[in-house]
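Noted in Swiss-Prot for the protein shown:
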{"type": "CARBOHYD", "residues": "ASN69", "note": "N-linked glycosylation site"}
{"type": "CARBOHYD", "residues": "ASN95", "note": "N-linked glycosylation site"}
{"type": "CARBOHYD", "residues": "ASN110", "note": "N-linked glycosylation site"}
{"type": "DOMAIN", "residues": "229-314", "note": "domain 'Ig-like C2-type'"}
{"type": "DISULFID", "residues": "CYS257-CYS298", "note": "disulfide bond"}
{"type": "TRANSMEM", "residues": "331-351", "note": "transmembrane segment"}
{"type": "TOPO_DOM", "residues": "352-376", "note": "topological domain 'Cytoplasmic'"}
Amino acid sequence: MDFSRPSFSPWRWLTLVASLLTCGICQASGQIFISPDSLLGVEKYRTILTLENVPEDVLEYSWYRGKDNSTENMIFSYKPPNTRHPGPSYSGRENVTRAGSLVVRMSAVNDTGYYTVEVDTSNETQRATGWLQIVKLRSNPGISANTSALVEGMDSVVAKCLTNSSNISWYVNFVPTSGSNRMTISPDGKTLIIHRVSRYDHTLQCAIEDVPEILQKSELIQLTVAYGPDYVSLWTQPYFFAGVLTADIGSSVQLECNCFSKPEPRYHWIHNGSFLSIPENNMTLPSLSWEQMGSYRCVVENPETQLTFYRDVTIQPPRPPLPTVNRELYIPGPLVIFLILLTSLGGAFVCRVLVYSLFQSCSRGKTCHKCPWQTN
């Protein structure tokens, strides 16, 4: 790994390789050894030198600073189950676990060096030595973006992680991302591009992981994404239907427009084609007059997205009731007498015409048959 400190000297690398080979030999022969994975620590973090191949009948664990077990180099001694004794090299940050591992809290760079453990059993004494390297983490990465004020579906943002590390990860809204059809990460991992930003893109952050399980994150970049309006809803009191609001003269009428938009949109009201000086999303007509009847339009405008929507409503008075139709027939008395006389006279006239017609028909015939009223 590439740490922000001088690299290991060649002899230390050789020592580390020798330690790994020795550990392999010890593991094969059943000897104790210090786990190679625990021989790398990080400044200001806890370091645990893990002891492997520990026998079961341990009487005492003794840890020393250096390659020998001299008394002045002893850090800590632990006799299971509860007897613990600090030594001359104890700094107040060390302890020994029940498994015999050495724990160093708040590791410092000067903790780097050889460590030796001595394990006493009823039959023998085993010893293991390892080189501990405490590294100093590089500073947290920086982050920059070409812009933080964007329009949804139109703009893209390019963010760069300012670091020399090669192990970089990106977080959008605190969630790790590895790229998608909307997001692109450069091959070196240092650049993230979000194409066609969304209203749900709020924060950007990058992180490096030079040491396993230690994540160093950059500061957050807050994105401001303008969006909307998607639509406009219109609420009225009294309620309207099919774009028509029916209200009586002198009654109170309320109109209110609502929409989802960022930033807050501008509102305009138009009455019968004329702009009203009402910049709010609602208006009230406390006492409706004839002059206030007609069409109203609520216009919603987002200056950032340059989107404009509107809704219309027409205020009109109730329709007058239809005239009542009297279905009863009334005829005055004189008219009744007149109609009776007219009917009688008309009937007599019709009978006279019929008799006359019959008489004429009989008298014109070439062969006269006897008429019903003629006798022998």
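Just so you know, glycine gets a Cβ as well, placed from its N, Cα and C.
Fair warning: this is a prediction, and the values are worked out from it, not measured in the lab.
Where Swiss-Prot records a feature, it is marked here on the structure.
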residue: ASN69; record: N-linked glycosylation site; DSSP class: coil
residue: ASN95; record: N-linked glycosylation site; DSSP class: strand
residue: ASN110; record: N-linked glycosylation site; DSSP class: helix
residue: CYS257; record: disulfide bond; DSSP class: strand
residue: CYS298; record: disulfide bond; DSSP class: strand
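Among the recorded positions ASN95, ASN110, CYS257, CYS298, no residue is found with its Cα located within 10 Å of the Cα of ASN69 (N-linked glycosylation site). For ASN95 (N-linked glycosylation site), the nearest neighbour among the listed recorded positions (ASN110, CYS257, CYS298), judged by C-alpha distance, is ASN110. CYS298 (disulfide bond) and ASN110 (N-linked glycosylation site) have their C-alpha atoms 72 Å apart, to the nearest angstrom. Taking only the Cα positions, the spacing between ASN110 (N-linked glycosylation site) and CYS257 (disulfide bond) is 68 angstrom. Taking the Cβ of CYS257 (disulfide bond) as reference, residues of its chain lying under 8 Å away and at least six apart in sequence are, in sequence order, VAL232, SER233, LEU234, TRP235, TYR267, ASN281, ASN282, CYS298, VAL300, ARG311. Here the Cβ of ASN69 (N-linked glycosylation site) has 16 other Cβ atoms within 10 Å, regardless of which shown protein chain they belong to.
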